[in-house]
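Take a look at the structure set out below.
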Amino acid sequence: MDKNGSSYGESSSDDVEAPLLLPAARSGTMAKGDRRRPASAAAAAWVRALLAHKYPAIAAGPAACAAVCAAVDLGDGHGEARNMLGVLAWVFLWWVTGAVPLAVASMAPLFLFPALGISSSDDVARAYMGDVISLVLGSFILALAVDHHRIHRRLALNVLSLFCGDPVRPSLLLLGVTGTTALVSMWIHNTACTVMMMPVATGILQRFPRGDIDDGGGQEVRRFSKAVVLGVVYASAIGGMATLTGTGVNIILVGMWSSYFPEQKPITFSSWMSFGLPMAIILFLALWLTLCLMSNGFCREDGLGCGLVVLWMTRNITDNIPGWGVLFHNKVGDGTVTIMMATLLFIIPSGKREGEKLMDWNKCKKIQWSIILLLGAGFAIADGFKTSGLTDILSNGLRFLKGAPTLVIVPVACVFSGIMTEFTSDDSTTTLVLPLFAELAKSIEVHPALLMVSGAIGAQLSYLLPTGSPSNVVGFSTGYITIKDLVATGLPLKIVAIAALTVLLPTLGSTIFGMDIKS
């Protein structure tokens, strides 16, 4: 799905059937004064057909690649690095324009890297399946199980029942809606969480007649409705920030971190949550306060999910306190656990019908394979930066930034990533900026977490525009909110996020990520 909520590459039946060739004009039926009209009409039809099939956008990718390969000169012996830049231009344009489906664009490195001599077909294919990809795949299967057994709805109703009183208090009800959304989003993808929770939220709003909330009248109800919809949109993004599985951005960060800096302390599920959860709590409180001001107010599958969280958290606790992973010589990863628990879903009986299991493979047709391929493309691009020599060139070109203070590096990296993410997907932004930040960290001799974590957090701050993320599109499509509402609520949250990151990363992050701020 693109950022406008439509599937990449999909078009209406009229678009699919748009003719590329028109039948010859029947001149016998035209008046003499109209003989020029068929030519102009044919030209207009050609243009419409080209636009309908997105051929200009499709051609932009290879054209940009050819232009880079022909015009860019990085010096003798850097032909592969130049080709890598060309591939990056090709893939980026296809991602941004939606010229082809996201999954298809993400598979482009599989043929471009070998064709342009960047890496072998075997090497680039390995990037598309690793422990991180296993973690994502297993998480998607678990999310489908959550949806199938309606765990999210049961959780929503149970939590919301605690916050609804008589008369209804808007601030408490907002806390229930946003808190439930953030909690669910910690364990499933942001977009999936928004799609699940938005009907719950709008269903609650439809039960309020005018003037029911605090007897304040219809205007207050409309303001509260905006606050509820915005709360679901932003709480899903904030909750996803807290865990590795909540958003693809964090998964990409972990994969690139292990690829670029294998000697550094690894980012695990538990270590990221130690940093991401405080960050998410700060943003959640800021969100709730902002929304309160806006609204004028101040089973078995359950046990399996809880077991997975426990295994994630205890696999590797601290350097001094080993987790259960030591029993397997620390050769298991978070993806190992996730796939194992996902496999159990296809083995454990549901207890509802004879022979029925908690999950069946037919439900897995809904897995977001485009996201998995996008992650694979990101890892392939990260490998391509290194094997092509482009990393060395970037390292030499960015040395002039050496010596910048930490309190400048973090917000600048976050703002840079945060601007890009308003116009392209969170995952695409992360895939593009993290390799650059990894090389920048080497160039200016700072701990890579300062730049890479800042870039990953910034990529998740797509709060201002409907095009910022699919979650924004879901909220915008309800009709309760406008672009002005998004900007008015999202801008303060974005500022709070940047400020909180600037404080937390050099302090709490120095312990969690093993940073030496003096470096």
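Including glycine, each Cβ sits where the backbone N, Cα and C put it.
The stretch that TrEMBL tags with transmembrane segment, taken from the ranges 54-74, 495-515, is 495-515. Residues 109-110, 152, 187-189, 192, 244-245, 248, 251, 254-255, 258, 301, 305, 308, 333-336, 338-339, 341-342, 345, 358-359, 363-364, 366-368, 371-373, 375-377, 379-380, 382-383 of the same chain, all 6+ positions outside the transmembrane segment (125-146), place their C-beta atoms under 8 angstroms from a C-beta of that stretch.
Long-range neighbours of the transmembrane segment (367-385) within the same chain, counting only residues 6 or more positions beyond its ends whose Cβ lies under 8 Å from a Cβ of the stretch, are 1, 8, 84, 87-88, 91, 101-103, 105-110, 113, 118-119, 123-124, 127-130, 132-133, 136-137, 140-141, 144, 189, 248, 251-252, 255-256, 259-260, 391, 394, 427-428, 430-432, 434-435, 438-439.
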